[in-house]
């Protein structure tokens, strides 16, 4: 994703300083990278400042309802810069669909994968036999068909490989205490077939319950509604552009899964490996650091409901309805 694909940052404002605002975790990490980061070359030739395995970032996915009742869903969408939310949602639905071509996204006006699917990039990456837009067995393929033999973006993979996403939903509903509620996009056997290996690569889900919760004697299932949290491991973390996008994406995914399994949304925990700032992002980030965060938005249920229904039915998201879904959810 390039700088010109993100809307301009909002004008600086002067909201009151709230040191407890969760966005300060992100901002403080950038400060640490800029002041203490190691200068490292990278595959793009731009150069980065980098630190390894910084403290986890934790984001609440709900807040108490002042009127009582169900907690209010919250989306940790960073407020000190504009994050391309329509692209976040589009890409997430594209992952859920299992699609591996960048063309449906591009046709919906989302260009974030165009570079990696271009003829020039595929030829340069040793994937010249692929049609333009065919990214190989990237995220969605691994989520829905892990272990299947990849042919091309047009093949029908129904029933092939492990549908990790469907397995996650099944466990959340039927065995929420399972310690193996895991989804991995990192498949070493497929890495050379991918236009770009996964940066955000591993997620584990955990359902917590209120103290004193009892199991139903007949079903053995919890008698009270649980709370779903997600821990994400990301090996390569572009702090300026990628990480704000990834935070919002996995927050939305957790909301969708919570909705599908009738759980409350809990916490997103972001664990990073190589956390870096590209040298040509430093000026923009220094400007961003001058801004004060404002309240995170609440999260509309419209997109979550549609995706959750398809997951429950064991079906893939239709990319033909992608633009309609995005229009409805962005209103």
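Cβ coordinates come from backbone N, Cα and C, glycine included.
Per TrEMBL, active site is recorded for 199. Annotation note: residue 199 (active site) sits in a coil segment as assigned by DSSP. Counting only same-chain residues six or more apart in sequence, the Cβ atoms lying under 8 angstroms from the Cβ of residue 199 (active site) belong to 234, 235, 236, 237, 238, 242, 246.
Look at TrEMBL and you will find 24-302 tagged as domain 'Thymidylate synthase/dCMP hydroxymethylase'.
As annotated by TrEMBL, region 'Disordered' applies to 1-22.
In the predicted model, the domain 'Thymidylate synthase/dCMP hydroxymethylase' (24-302) shows an average pLDDT of 96.
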